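The structure under discussion appears below in the form of structure tokens.
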């Protein structure tokens with residue numbers, strides 16, 4: 001009878017601060033950790049920690065599947081993806097599923113399949129997580145020594161690192177297989193406004209691939225974010241996958257050298273801090289990639305980049321006024337510079353006006369109109385295609401400059417659509433997450449180094465403020 005809600009609601013609420021709940025191994029008295037530091041109780045329980053990790057993976061994959069199906073259910077084929085707040089379907093479309101010429105979505109069934117596969121996978125992971133958290137052995141060392149470990153066992157840790165690297169390498173080869181053998185990927189640069197194509201000749205020249213790493217991150221250089229063709233993208237995945245797999249084999253077969261044993265802190269919290277630093281770096285790179293790059297993140301799905309929307313505005317009005325009889329090659333603007341076209345400091349012909357700052361934009365709808373010295377005046381007069389006009393007008397009104405209340409667009413564009421671009425969502429979220437992961441890295445690295453030096457064991461729990469507070473009931 002006690003379990004009936006009608007009876008139970010009158011009983012006092014017990015909190016973990018009371019010490020009266022008999023939860024051996026889960027309360028502060030028996031573990032030394034308060035409720036909010038729950039993960040710390042699993043530091044030396046490899047079986048339970050495995051359960052936590054598998055369950056976490058299940059939550060991640062469940063989100064991916066559920067959000068995928070949610071986006072499929074809400075998708076309207078007549079509207080561009082970027083106007084519908086989608087962040088998962090653009091990734092699937094970029095991989096070449098369900099897409100036709102010009103980025104038109106011709107089939108949503110592959111997206112449905114993707115969502116269902118992720119949901120089924122999440123159920124398997126969820127079951128495994130619950131099993132290992134509640135039923136399986138607390139520690140793996142006795143029953144399954146291959147999966148067991150001690151945090152300070154340097155050789156075992158680098159073996160685990162090696163296994164992870166091999167899995168990452170296999171993952172890096174998946175887009176390679178899709179691009180080369182399984183239908184190809186979407187190429188925004190394909191003639192006529194983009195199409196799905198197989199990448200038959202990936203760039204394997206190391207000077208081309210590693211040249212990106214040696215570029216400046218600033219200005220027109222743009223480090224790896226400046227990649228502008230799928231041959232280099234897929235070739236980079238071949239190199240990265242190979243390096244990860246060979247590096248993984250190396251770390252499995254070798255023991256850490258003396259300099260590495262001295263240089264690193266070898267504890268669970270130290271490994272956590274290294275992982276957080278890596279994820280932080282990934283977040284910052286992803287932020288820049290999705291904001292600036294329109295090859296890996298095609299504008300057909302993610303909307304235009306900021307510079308792209310600005311240049312599209314200049315192009316749209318050049319087209320309009322040229323039709324009305326303006327001499328776009330010689331017309332002066334209010335500052336005495338060219339109204340439609342001007343010269344960059346190095347002599348190329350570029351769009352005039354405020355968009356001059358984005359003169360080095362490269363976009364598939366604009367490149368056909370360039371000559372050896374910037375924009376080609378005769379091409380602008382004779383060769384502009386209807387699809388280029390349509391696309392630039394669309395991009396002009398969909399700049400990725402939305403604020404939280406969706407009042408967005410280029411400030412000088414009265415026709416701007418009120419929406420928040422997926423580029424805004426993805427770049428902002430990855431920057432913020434990257435920043436907080438970096439703070440987490442500093443926090444855990446500091447604690448791990450202090451613990452290794454022997455002068456910091458965490459907060460002194462005898463004087464923790466919560467211990468002197470009145471229980472909540």
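Cβ from N, Cα, C; glycine included.
Checking Swiss-Prot for transmembrane segment across the ranges 44-68, 69-93, 94-118 points to 69-93. Of all ranges given (2-23, 134-155), Swiss-Prot attaches the label transmembrane segment to 134-155.
Within the chain carrying the transmembrane segment (134-155), a Cβ under 8 angstroms from the stretch's Cβ atoms is held by residues 43-48, 50-51, 255-256, 261, 266-268, 271, all 6 or more beyond its ends. A C-beta separation below 8 Å, combined with a sequence spacing of at least six in one chain, links residue 367 ([CaMn4O5] cluster binding site) to 189. Under 8 Å from some Cβ of the transmembrane segment (291-312) lie the Cβ atoms of residues 80-83, 89-90, 93-94, 102-103, 186, 188-189, 194, 222, 225-230, 233, 351, 354-355, 358, 361, 363-366, 391-396, 398-401, 410, 421-423, 426-427, all in the same chain and six or more residues away from its ends. Residues 93-97, 99-103, 228-231, 234, 294-295, 298-301, 364-365, 367, 387, 391 of the same chain lie 6 or more positions beyond the ends of the transmembrane segment (178-200) yet place their CB under 8 Å from a CB of it.
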